[in-house]
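Working notes for the structure below.
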Amino acid sequence: MSTMVYPHEERREKPTQEDIISSTKLVIQGLEALKSEHNSILQSLVETIQCLKKDEEASLVHEKSSLLRKSVEMIELGLGEAQVMMALSNHLNAVESEKQKMRAQVRRLCQENQWLRDELANTQQKLQKSEQSVAQLEEEKKHLEFMNQLKKYDDGVSPEEEKNSETPRDGLDDLFPNDEDDQVSHRHNSAALAAAQQGGYEIPARLRTLHNLVIQYAAQGRYEVAVPLCKQALEDLEKTSGHDHPDVATMLNILALVYRDQNKYKEAAHLLNDALSIREKTLGNDHPAVAATLNNLAVLYGKRGRYKEAEPLCKRALEIREKVLGREHPDVAKQLNNLALLCQNQAKYDEVEYYYCRALDIYEKKLGPDDPNVAKTKNNLASCYLKQGKYKEAEILYKEILTRAHEKEFGSIDAENKPIWMHAEERQESKGKLADGNHHGDYGGWYKACKVNSPTVNTTLKNLGALYRKQGKIEAAETLEECAMRSRRQGAAVDPQRDGERRRSTASISSVKYDCSSDVGEEGSVEWNGA
């Protein structure tokens with residue numbers, strides 16, 4: 001008979017583990033009772049067989065007893081399976097218990113891990129704070145050592161002792177007179193200092209020393225020390241003297257110098273504008289310190305390509321220096337050189353020629369024809385001529401520089417004692433008929449004159465060589481270029497230490513060079529005024 005399956009039976013939920021266990025227990029109880037019942041029946045049948053005598057009845061009883069035995073065996077098999085299910089249930093319960101224990105242990109480990117992470121983060125924060133404190137203490141220690149070093153100046157050290165104890169510094173400002181230029185005589189520097197003192201303000205000795213120390217740090221690239229040192233000194237000055245004080249303006253100039261070396265022109269310009277406002281307010285509009293700040297601001301604007309804004313600042317600085325120092329002072333010539341470079345970047349060649357010629361006249365009158373500034377200014381003026389296509393005028397100036405250098409080294413010119421450019425033109429005329437290995441001997445050893453300490457001569461050799469190439473004088477150009485290269489190598493071999501010093505001084509923070517994008521070299525460095 002087939003069994004009917006109703007829909008509600010299909011939707012019946014699956015039994016849980018507890019239901020299966022309880023059902024298995026009931027089945028075990030039932031099977032145990034059935035087993036007992038079958039055993040009792042089987043026992044009675046055995047007794048009956050023993051009592052019966054007839055064979056037919058005995059065989060019938062034997063059949064029944066065998067059926068009962070099979071039933072008992074099935075019951076025992078069911079009981080065994082039920083017991084296996086109960087053992088499996090106990091094992092599953094034990095596994096679930098272990099699982100719960102493992103989950104609790106995992107939760108505990110996660111909590112410990114999070115606690116350790118928090119402790120590590122707190123320890124790292126403490127370590128970072130400790131490192132910051134150590135760095136701050138080191139800077140404070142350096143500052144205190146520096147302030148202790150400056151005490152001798154506050155105690156009234158004489159200017160002579162101060163001058164003898166000072167280290168070499170970035171001599172750029174007319175307010176730092178004794179180291180401004182190795183070629184400028186002491187009397188001119190004294191005049192600049194006297195002019196500054198006439199304005200009623202002189203830079204304190206401690207600020208001069210601070211300026212020197214900052215320059216040393218900047219030259220070593222230790223801006224992380226130079227900048228905090230300047231800022232701390234500036235903060236101390238503002239606390240003691242107020243913001244509108246000349247010393248504060250001097251400190252602003254020094255900090256601007258450091259920012260300039262880091263190419264932070266925007267920050268440096270902001271500081272210089274602040275310093276200019278303070279100096280105009282406290283010292284007056286026509287003070288030399290105001291001119292120095294105007295010049296420095298013009299240099300920064302020029303470095304950023306803002307030549308139109310830089311030019312009026314440079315002109316005003318020129319007016320102040322002419323008024324205070326006189327129209328024929330070497331510092332006025334330096335300002336004229338700066339102004340000429342600004343105009344040259346704007347292609348104002350008429351003004352450039354005027355400023356260079358005037359600066360050249362001042363240098364020749366005040367410093368003499370052998371002063372390095374004379375050759376530099378002639379070289380710059382010749383480069384201006386080249387940009388205008390005035391090759392003849394440029395060639396004359398280049399030859400004047402080389403001729404003067406030759407006369408200074410070997411004496412007056414004659415048939416046996418000729419400058420290098422004459423040898424170059426003679427070689428051009430002979431079209432290289434001379435043997436390549438012999439022409440240097442014909443120069444009379446002149447190439448020794450353009451040593452490493454005469455960069456202007458080497459630059460002039462290169463510039464005149466480039467001019468010769470434009471004119472198609474290849475032999476003459478190669479002669480000058482080879483001479484310049486030979487002299488540079490010889491000078492480096494004779495005195496490599498001096499060559500290293502020259503390179504460091506060329507790359508020093510004392511000047512800023514404009515790129516005039518020409519195929520000839522220029523030596524028109526814009527003078528930066530220190531404090």
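Cβ from N, Cα, C; glycine included.
As recorded in TrEMBL, the features of this protein are as follows:
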type	residues	note
COILED	85-147	coiled coil
COMPBIAS	152-172	compositional bias 'Basic and acidic residues'
REGION	152-183	region 'Disordered'
REPEAT	249-282	repeat 'TPR'
REPEAT	291-324	repeat 'TPR'
REGION	486-531	region 'Disordered'
Please work out the mean pLDDT for the residues of the repeat 'TPR' (249-282).
90
The repeat 'TPR' (291-324) - residue tally per DSSP class, helix then strand then coil:
31 helix, 0 strand, 3 coil
By DSSP, what is the split of the repeat 'TPR' (249-282) into helix, strand and coil residues?
31 helix, 0 strand, 3 coil
